[in-house]
Amino acid sequence: MAQDVLTDLNKVRNIGIMAHIDAGKTTTTERILYYTGITHKIGEVHDGAATMDWMAQEQERGITITSAATTCFWNKNQINIIDTPGHVDFTVEVERSLRVLDGAVAVFDGKEGVEPQSETVWRQADKYDVPRICFVNKMDKLGADFYFTVDTIINRLGAKPLVIQLPIGSEGGFEGVIDLVEMRALTWRGDSKGDVELGAKYDIEEIPADLQDKADEYRAKLLETVAETDDSLLEKYFGGEELTVAEIKAAIRKLTVNSEIYPVLCGSAFKNRGVQPMLDAVIDYLPSPLDVPPMEGHDVRDEEKIIIRKPDSTEPFSALAFKVAVHPFFGRLTYVRVYSGTIASGSQVINSTKGKKERIGKIFQMHSNKENPVDSVTAGHIYAVIGLKDTTTGDTLCDPQDQIVLESMTFPEPVIEVAIEPKTKADQEKLGVAIQKLAEEDPTFRTEQNQETGQTVIKGMGELHLDILVDRMKREFNVEANVGKPQVAYRETIRGTVDKHDFTHKKQTGGSGQFAKIQIKIEPMEVTAEKTYEFDNKVTGGRVPREYIPSVDAGIQDALQVGILAGYPMVGVKATLLDGAAHDVDSSEMAFKIAGSMAFKEAARKAKPVLLEPLMAVEVRTPEEYMGDVIGDLNSRRGQIQAMEDASGVKVITANVPLSEMFGYVGDLRSKTSGRAVYSMSFGSYAEVPKAVADEIVQKNKGE
């Protein structure tokens with residue numbers, strides 16, 4: 001069966017389950033796997049207990065740990081469920097998961113409606129134009145209110161929901177849904193425990209008499225929305241003709257794929273009610289790989305040259321690695337979304353991001369709780385591959401003869417760091433393993449050894465990012481460690497030019513001495529992602545022997561590592577070696593290296609040194625009533641407001657704010673806006689620190 005499904009991409013859905021942390025994402029995903037498992041194994045006597053055991057174990061470990069993408073089958077269609085990260089602060093990771101999905105199911109808590117975190121995830125999906133259907137979950141919960149939740153989708157998200165189901169009963173009496181497309185009732189009358197075996201079957205009945213008026217009212221709204229998509233449907237509708245189920249579904253699909261509306265369904269995943277119709281809606285309304293625009297990438301040699309790849313097996317092979325995970329038996333698994341072409345196990349491909357050859361080892365499709373080996377990969381699908389040695393998250397794999405880069409991987413430099421000290425020798429070894437594994441998975445995570453203290457310093461994109469990395473070290477790798485306070489990664493530079501600075505290094509202590517004489521010029525230069533320092537040699541007539549010139553450069557580079565104001569690395573400096581002198585016996589590479597380092601330090605003191613700090617590009621989305629407070633708070637943090645605009649029911653404020661002022665911002669924003677505003681933050685640029693603030697930092701560093 002699997003092979004039949006694979007070839008017809010119209011029958012494939014690559015989806016994510018998006019939700020607030022408590023809206024029931026795990027339970028919903030589990031139930032999807034459970035029901036699709038039953039359907040996939042028709043004719044097999046099912047041992048309910050064994051499946052539930054497996055689900056409980058999954059729940060304990062968290063479903064996202066076992067697999068970043070799970071394949072299941074529903075009514076002869078294939079659904080690949082891609083894990084969407086729970087933390088929206090990691091834009092790189094969120095971007096990547098949203099990039100490999102074609103559609104999503106947004107799960108809402110039927111009592112709480114749209115919560116702040118669901119708002120954040122929703123806005124992120126808006127940004128990438130991901131078509132969605134909404135599942136109002138927990139309809140059996142005390143206080144659950146379907147109509148309230150739909151209102152919050154309109155008011156808090158500014159979205160256009162299209163109600164295609166209504167609940168029958170509520171709280172403890174919730175027993176089914178009214179299907180407004182086919183105008184029928186679906187009921188699950190299992191025992192009080194919501195028996196799963198009974199949950200797998202439901203009855204199709206007449207709409208209850210007491211809900212007929214409500215159903216007619218919402219059906220009329222549905223038909224009106226649907227009829228507006230097409231002139232012939234509009235004519236039919238106003239002519240009093242009945243629209244067919246096929247016509248209604250086709251129109252809802254068209255509107256959903258274009259993100260014009262979001263179909264809303266309801267149920268209780270925990271009580272096994274409403275999950276199967278939701279799966280039907282995934283197939284009926286969410287896009288297949290053929291419904292989304294073809295993939296764009298650029299030429300390996302020319303970033304300006306755009307290349308298009310269609311989801312077709314006749315096109316050259318291209319795929320994006322979107323997750324690297326460690327499997328208990330197979331070791332390193334790389335999850336890939338194949339965008340074009342096909343390739344067999346054992347083939348050689350090229351990692352065009354890094355320019356390295358890779359060999360595809362075993363290929364799996366992850367079927368809920370087991371790996372299903374396949375011989376080859378096909379466009380439009382998600383696979384897990386073994387054997388890729390150099391490929392990390394975000395790399396492109398492609399045909400060596402027809403190369404493409406799908407994602408330009410210029411990751412922002414880390415702006416925040418924290419020292420981490422293992423408690424024991426054993427922890428030190430485990431820390432090494434943890435760092436290596438985490439760096440493979442997360443390209444924005446860096447690490448270095450502090451030469452002076454011997455501590456390991458980990459660097460990341462923000463406070464929350466570091467918290468989660470440290471938490472993962474403890475949880476997944478059992479590293480017990482003391483963690484320091486987060487530190488901002490300041491830099492130093494110069495604003496003035498020193499045209500000539502002479503320095504002589506001379507040491508005579510019996511035997512051969514040390515001698516090096518140099519004259520250098522230093523001046524500011526523009527910092528780019530590729531270049532923060534430049535060295536130029538203008539010595540003529542061999543006054544400094546050629547073999548010693550690289551030593552002067554190396555000495556200056558050493559001095560750049562520890563700035564003269566507060567010991568931070570220096571950037572944006574051009575140094576030119578103008579002149580010098582050497583001694584036949586006493587000169588050496590080491591003597592010229594010391595001279596380079598000392599000359600630079602002395603010259604830099606005269607070149608108007610200044611401190612630089614990372615400025616963050618901050619975007620806050622807030623309901624209008626809190627806008628004044630949010631702007632006032634950003635101003636008090638030395639922020640500069642760049643723009644204010646409207647976006648689907650909220651105000652969007654963009655500002656540049658120094659990172660040092662953003663510690664603890666998440667809590668302050670939550671309290672100022674009752675948890676309704678959300679923000680994202682990414683590195684913008686380095687800027688000069690105001691003198692009063694700089695003096696304080698310099699004093700603090702000298703005091704320590």
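Cβ coordinates come from backbone N, Cα and C, glycine included.
The GTP binding site annotation in Swiss-Prot covers 19-26, 83-87, 137-140 and is backed by sequence analysis. Residues annotated as domain 'tr-type G' in Swiss-Prot: 10-290.
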Averaged pLDDT score, the domain 'tr-type G' (10-290): 79
Conformational class of ALA19 (GTP binding site) under the three-state DSSP mapping: strand
CB contacts for ALA19 (GTP binding site) [other CB atoms within 10 A, all chains]: 26
